[in-house]
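First comes the structure, then the notes that go with it.
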Amino acid sequence: GGSYPQKNAEILSSQYGINLFLAGLLLTFAWAVHAVGISKSHLLSYLITLMLIQLLWMLWYLCRSCTQRRLIRDKDTHAGARWLKCGITLFAVITLIMDSFKIGYYIDFSNCLSPTEGIFPVTHAVHTILQVYFLWCHAKDVIQSFKTLERFGVIHSVFTNLLLWTNGVLAESKHQLNEHKERLITLGFGNITIVLDDHAPQCNCTTTTLCSIFSQGIYYLYPFNIEYHILASTMLYVLWKNVGRKVEHHQQNKTRFKFHGITVGMIFGLIVLTSTIAIVVVYLIQIGGSKIKSELALTMFYLHAIFVLALMCTAGIVALLIYRLEDRSLDNSKNPARKLDAELLVGTAAGSWLLSWGSILAIICAQAHPKYTWYNLPYSVLVIIEKYIQNLFIIESIHREQEKVNDDIKTLRIVTISRGSTLSLTPLYKEIYNGRATRDTGEVPCLFKGSICGRDNDGAGVAKEETSQDNTSVMHSASDFSFYSRNSVTNNKRRILKNIAAFLFLCNLSLWIPPAFGCRPEYDNGLEEIVFGFEPWIIVVNLAMPFSIFYRMHSAASLFEVNCKT
């Protein structure tokens, strides 16, 4: 009976958030297509209002938490990991730099820009600072008071960040599309109608050099702003799912990242990262220069991506084979953060799968095939297979139970000297575990059958001990060797998995860089645009690309967690 109104509150708050998001999404779309009567100031006014409401809620929550700081609160130990907080802080700092660029841009064009374009970056900067502080302090909270009100406050924050993410994606996509159209003009595509979507101010800048720095710098910083808002929305969503939740109180093993034992994976991963950065630089320089240079840039990109994706597929398959050889149970306990991670991996992978299937269909249906387009076929197939394998590896890794090491379950070796001989007395594993390592009877338990146990006080016990000492030491050594060999095999498997996770982590960071910074062969290939049409294919790319970009960053974050847990 008590959960019924709370379930209603969850449904009502989710519906409120969805309607909030749809209204903002429609407003964003109307501005993007230059709808009559809709200007950028209307969109920014809506976003400013949402941010101010969230700021008021966060201040109220922080003040209430300060007054109740002595109370013991439930915490979700799986939510808001420290490395995740550090990542969102880094993105937030770069977002603040972007906001400062926007303020400078507004000052230079203040004669012809709406006041909302100056108010928005200031409000956004304050919103960013307070939100990061809020997530650092309260991302793990399990709210048990004012639950209905808090549900609405948290879900409002979730969809506010999603709308800010959408706004950033749209602004960055329009900039990328304009650059793509300019490249098509350079390459002489006369059969495609090209109209630049220009939202530039209709006045002169007071200082031309600064305006150029601000306008170009903003678009290079947008990828970090986009990742910041999507990470914030996921952390807030977990907080919303934890409202009113009953938490199982059990001790969680702390996981820390260590460089020890992952040298091989880090070296290969850094090689991939370095080569990817070089490929992106060359691609951006060559593409659009001439037809030959553009084709060479596309060929170079595809060959490098095919090689990296093939390595990632191989590493993922090896990791899954190791898991098949291990016998470890899965953790099926309720965990909103882990469930969201798995759903985001599969959901966002659909974006790049859509692009890959579109490219495969275009290659099959196209009448003419330039040489470089054939490299797109294995590239698209490998993108589908690699994400399929990687999702299996990550989802199984985050669901596997960690190895529990109890301080009581350790080999205790007591060395005694008796009559010039060394006796190794080791308590039995199960008896240590059950707390029965020592008994009132005075007997000392043993770890292995046949090993030396306690000595009787009479002479018969001493004689018996002397006659059985040789056989016992042999059996003891054999048992020790078996124990340590099993432990060595386990450590080797663990080391391989950690190296694979480290390698895939750096590979996903590497594959995040090209689309995030304008290296998008889906735009420049040209074959898909001929088959599907320019505008339909561009719409597909603009819808799917943000999910594909987010997938790489989210996979990198998940693989970092896998490395810490392994």
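Including glycine, each Cβ sits where the backbone N, Cα and C put it.
Within the chain, the transmembrane segment (16-37) has long-range Cβ neighbours (under 8 A, six or more residues past its boundaries) at 43, 46-47, 50, 152, 155-156, 158-160, 162-163, 166-167, 170, 174. As annotated by TrEMBL, transmembrane segment applies to 16-37 (among others).
Feature annotation from TrEMBL assigns transmembrane segment to 43-62 (among others).
Taken from TrEMBL, the feature transmembrane segment applies to 83-107 (among others). Nonlocal intrachain contacts for the transmembrane segment (83-107), taken as residues 6+ away from its ends with a CB within less than 8 angstroms of a stretch CB, comprise 113, 117-118, 120-122, 124-125, 128-129, 131-132, 135-136, 139, 206, 210-211, 213-215, 217-218, 221-222, 224-225, 227-228, 231-232, 235, 257, 557, 560-561, 564.
Distant neighbours of the transmembrane segment (119-136): 44, 47-48, 51-52, 54-55, 58-59, 61-62, 80, 85, 88-89, 92, 95-96, 99-100, 102-103, 106, 157, 161, 164, 228, 232, 235-236; these residues of the same chain sit at least 6 beyond its ends, with a Cβ under 8 Å from one of its Cβ atoms. According to TrEMBL, the transmembrane segment annotation covers 119-136 (among others).
The transmembrane segment annotation in TrEMBL covers 148-166 (among others).
Annotation comment: TrEMBL describes 219-240 (among others) as transmembrane segment.
Residues annotated as transmembrane segment in TrEMBL: 261-285 (among others). Outside the transmembrane segment (261-285) by six or more residues, the chain places 297, 300-301, 304, 308, 311, 495, 498-507, 509-511, 513-514, 517-519, 563 with a CB less than 8 A from a CB of the stretch.
Here TrEMBL flags 301-323 (among others) as transmembrane segment.
Listed by sequence, the residues of this chain that lie at least six past the ends of the transmembrane segment (344-369) yet keep a Cβ under 8 A from its Cβ atoms are 234, 376-377, 379-381, 383-384, 387, 391, 394-395, 522, 525, 527-528, 530-532, 537, 540-541, 543-548, 550-551, 554-555, 558. Annotated transmembrane segment per TrEMBL: 344-369 (among others), in sequence order.
For 375-394 (among others), the entry in TrEMBL reads transmembrane segment. Counting only same-chain residues 6+ beyond the ends of the transmembrane segment (375-394), those with a CB under 8 A from a CB of the stretch are 298-299, 302-303, 305-306, 309-310, 312-313, 316-317, 319-320, 323, 341, 345-346, 349, 352-353, 355-357, 359-360, 363, 504, 521, 525, 527, 551, 555, 558-559, 562.
When Cβ-Cβ distances below 8 Å are used as the criterion, the transmembrane segment (496-518) is approached by residues 176, 179, 220, 223, 261-266, 268-270, 272-273, 276-277, 279-280, 283-284, 301, 305, 308, 311-312, 315-316, 318-319, 322, 390, 393, 397, 545, 548-549, 552-553, 555-556, 559-560, 562-563, 566 of the same chain, each at least six residues removed from its ends. Among the features that TrEMBL reports, transmembrane segment is placed at 496-518 (among others).
The feature transmembrane segment is assigned by TrEMBL to 530-551 (among others).
A contact between the transmembrane segment (530-551) and the transmembrane segment (219-240) is present, since 3 or more of their C-beta pairs, 6 or more residues apart, lie under 8 Å.
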